[in-house]
Amino acid sequence: MTGSHEMESIMLDSMEEEFPVSVETLGKLVDVPKGFDTYAELGGLSGLSTKLKSNIKTGLPLEKSSTEENRVLKYSKNILPDPPHQPLWSIVLDALSDHILILLIVAAVVSIVLGSIDYTSDHPETGWIDGVAILVAVILVVGITSLNDFKNQARFRELNDKSNDKEVKGIRGGEQCQISIFDVKVGDIISLDTGDIICADGVFIEGHALKCDESSITGESDPIKKGQPQDNMDPFLISGSMVIEGFGTMLVTAVGVNSFNGKTMMGLRVASEDTPLQMKLSVLASRIGYFGMGAAILMLLIAIPKYFIQRKVHDIEITREDAQPIVQLVISAITIVVVAVPEGLPLAVTMALAYGMMKMFKENNLVRNLASCETMGSATTICSDKTGTLTQNVMSVVTGTICGVFPTLDGIAQKIPKHVQSILTDGMAINSNAYEGVSSKGKLEFIGSKTECALLNFGKLFGCDYNEVRKRLEVVELYPFSSARKRMSVLVKHDQNLRLFTKGASEIILGQCGSYLDEAGNIRPISEAKAYFEEQINNFASDALRTIGLAYRDFQYGECDFKEPPENNLVFIGIVGIKDPLRPEVPEAVEICKRAGIVVRMVTGDNLVTAQNIARNCGILTEGGLCMEGPKFRELSQSEMDAILPKLQVLARSSPTDKQLLVGRLKDLGEVVAVTGDGTNDGPALKLANVGFSMGISGTEVAIAASDVVLLDDNFASIVRAVLWGRNIYDAICKFLQFQLTVNVVAVTVAFIGTLTSDVVEDKDNSSSSGSADKVTEEEPRQGSPLTAVQLLWVNLIMDTLAALALATEPPTPELLERPPNGKNAPLITRSMWKNIIGQAALQLAILFTILYQGHNIFQHFVPQAHGPIIKNGLHHYTLVFNCFVFLQLFNEINARVLGSRTNPFKNFFNNPIFIAVMIFTLGVQIIFVTFGGSATSTDSLYIVEWICCVVVGAISLPVGLLLRKIPIREPVVKNEIPVHSEAVYTSPSPNPSSSNLLGSGGAKPISKDYPTSGESTPPINDEGSPLVTRKTSVGASANDNINTPIPSSSSNLVNLNKPTQVGRGWQIVRQTHKKLVVINALKEFSQNKEPGLVDVVRGTNRGSLHLPVNQINN
């Protein structure tokens, strides 16, 4: 023992010598207030990297060594310990703590005591069996249920681990590489880009315009720019904060539980909450439980007095032995409550979610939010990104125009002047964050933005070495790309002066230019060729190519302060056309969505023409569909927006704010919205949507953190699979609910009525007079319920755990996407489900009561004569009742596999091996239960012919189920509730919005409703008080219309008014000029204007159409 202590001491001393900086000291760097003094004491960046055995240029070594092992031993791993999960024994204790089960256990113990002593039992040698059997049944039910819960928890933990495992960019052994977030160590060099969530504490090494949002940590609302202390800047990077601008590198100083975020997360761990459906079903289970409790209490209030009254009427003395029957009645009542409480409902949800999530993960959907599994099935619209989701995100430059040439890539280096090549390649290399490195697949390739990777590959055609360019050019200032700016610029030192390189959306870059490079590489005024470049942009866009504009400008030192990007009067280098092939499976996936009643909208930053062509190729843009650009969309008023949304299919040149506005307004209109996003600024839209899908490959960490589901392959088809699984999970719950409620009603009713109608005294007299010596005639009629506590507990196990396992694991079928989505306000139990529940319950009760009251006569014809008569209410009689009851449930479980009017419950039957296994297991246990249970299960062995009869009786539920499903029934149309408060974030409309925001070309179809003849809004009226005859102009444009075309003043839709006219409540006055529609005011009248060319019209504020009076037109 002493030797081991000495060895441990030596190892600690060795680590202290190798890594002299303690964990506590490193932690002080990012504590509040931040440790500037500690940083200085450690020797700043160089001193700290030396003490941590790291190199700020080459990072940690790739080779394993004792130093690296000691590093992990001292500073820990970047992994938080798993939250303490509930062990199996704890789950068992939780299950046993149920008040109803405790009552049942207490009653069973009392039954054992009373049944095993002479004082209270006629047969003490066997009187204890019932109580012990109940205890064994309770243990089995609790054990199987708890084991199931334990396995579900393990599945969720496994998925959670997978969702947390991400890769970050770093430098090791002098090479840029991808590092698992769990493998990040103290001393690592990590690269940071806009949108990253910092994975560990660290200090700034170098970078440009790196700003972090630390508001959730320090309370500082403004972004904090990072740099070196000597520049009076903050060098400390805190784990959990977000990079909102710029890029850079950092030296890791703390990981895992020692990092700032690790300490915070360890203190904030809370248990996961139930999903909305779980909570809804828990409430339903409680209500059903109250019904069972009421039935049990009522049964006791009737049965116990009845027992004593019967004894008194027949002059039978009441003795101490009567305590045992009373206890059995109490046990029966408690068992009714146990059976009535459908604990399986929340269990079925958990099981369906666990099973569905595991299967979805295999199909490239990583679920981060459990509730989203339920919501996905109700999605009515999908707002999808284009790049990487609808397309393959495998980009390559295929054409373009530089210096007026470059139709193809062949011999391009010979077609473009050398000095222009130098400008072009310098700009593509330095104005980029992409780099060549080893990918997660082990391949050497460009890593980063796919657009930038395509440009770097294009630069290779000119012999460009991007590393040489980046070493040669010194960056002075960086102006990062943003979805709002649609461009990125970098300012570098160049020949004693400065040069700005800019790239971005081609039409935006072109608009910033004052000159261009001609075929010889000379600078010429842009006015000479602007029309040509615009034509080329449209040509490339018509071929579904992304167009990127490239430009530059030279500056003198001191020409401006460069705090704001000087992106004006640029020299236009040219345009490159980038091809991003459509994913081959997308058109079919879009068509599936249409059949499923889901509207697909494309929201993209590309220009309108490119977006239209891609959308048309996907099948998203259809005849009569609308396309619009983001800046125009955000200028629409709420009523105008509501008018175009039903037909809006493409939103081009959109910003994240436009996407958020679109999602919010769709939700306001009652839609269940799924949205995709990959950028940092997509976070609000992803959070706002009912289901947010982030990109697992191209998505930023901020987008992933804000999403509900991560698309591991960035593929639109995976969204369709997620919707399929969402519907399947919902259907699985409905199937189980349909099955369980039927069993509940039947079991409780049979136990309740059977107990109340049994006449023990008469049965005893009958049995004693029979005088037969065989085994059945020697038995006595049984007191109380025809279904004993042990039998009901077995039924409870069948209908709770086993049925949940069988029905919750049904695989999805294509038919799920052949119907409209379930409304988010749709009832959990539909009319067709009630039809099946009530119909099956009525059938089963009719059969069981027939067997209960006449079964001893009916089955007498099927047993050998040697058996003797079947005693009414005897052991054999009640065994037949119990066996028929179980077989009715087995066959009804097959019925429950289908919902609605579908006829064939055996379709895809063999596609679910779990269902088949459960059926075989249940059948096998039932045979053992009846044949060998004896006194423990209160059963008597049956003859083969009786088994056949029970199977035939149970199978009756199949044709009856078919007939029930054939009965037509109309489901009520559930209207989605329109929220009182809008979730959309509206920007203030421009005072002069373009007319194309509101009106399409003359051929467009109207898409909005006429004004109402009654209700909150009234139509305009003339001076005599009569309503004006109105007609409606169209709103929006079809896919083939040019929505940017202004409406000429000579349009036949425009009218003039010859005198003031009153306007009804709820209408607006709108002035139509030759170019614009302007809301004048909210007054009650409008008139002909003095100004020429101006016309007033009226518009319903809550309608999307314009109503123009036609009975007062100047001819």
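Glycine too: its Cβ is placed from the backbone N, Cα and C atoms.
Membrane sidedness, as given by the topological domains in Swiss-Prot, is identical for Gln324 and Gly900. For the ranges 706-726, 874-894, the feature annotated in Swiss-Prot as transmembrane segment maps to 874-894. For the topological domain 'Stromal' (895-913), DSSP puts the residue distribution at 5 helix, 0 strand, 14 coil. Working note on the recorded positions Asp385, Asp678, Asp682: by count of other C-beta atoms within 10 Å of each C-beta, Asp682 ranks first. Across the topological domain 'Lumenal' (854-873), the DSSP tally of helix, strand and coil residues reads 12 helix, 0 strand, 8 coil. With Cβ pairs under 8 Å as the measure, the transmembrane segment (329-349) is packed most heavily against 288-308, out of 127-147, 236-256, 288-308, 874-894, 914-934. The separation of Asp385 (active site, 4-aspartylphosphate intermediate) from Asp678 (Mg(2+) binding site), Cα to Cα, is 8 Å. A distance of 11 Å separates the Cα atom of Asp682 (Mg(2+) binding site) from that of Asp385 (active site, 4-aspartylphosphate intermediate). Contact count against the transmembrane segment (288-308) (Cβ pairs under 8 Å) is highest for 736-756, out of 236-256, 736-756, 874-894, 914-934.
Same-chain residues lying 6 or more positions outside the transmembrane segment (914-934) and placing a CB less than 8 Å from one of its CB atoms are 794, 798, 802-803, 805-807, 809-810, 879, 882-883, 886, 890, 893-894, 897, 940-942.
Classification of Asp682 (Mg(2+) binding site) by DSSP places it within a helix.
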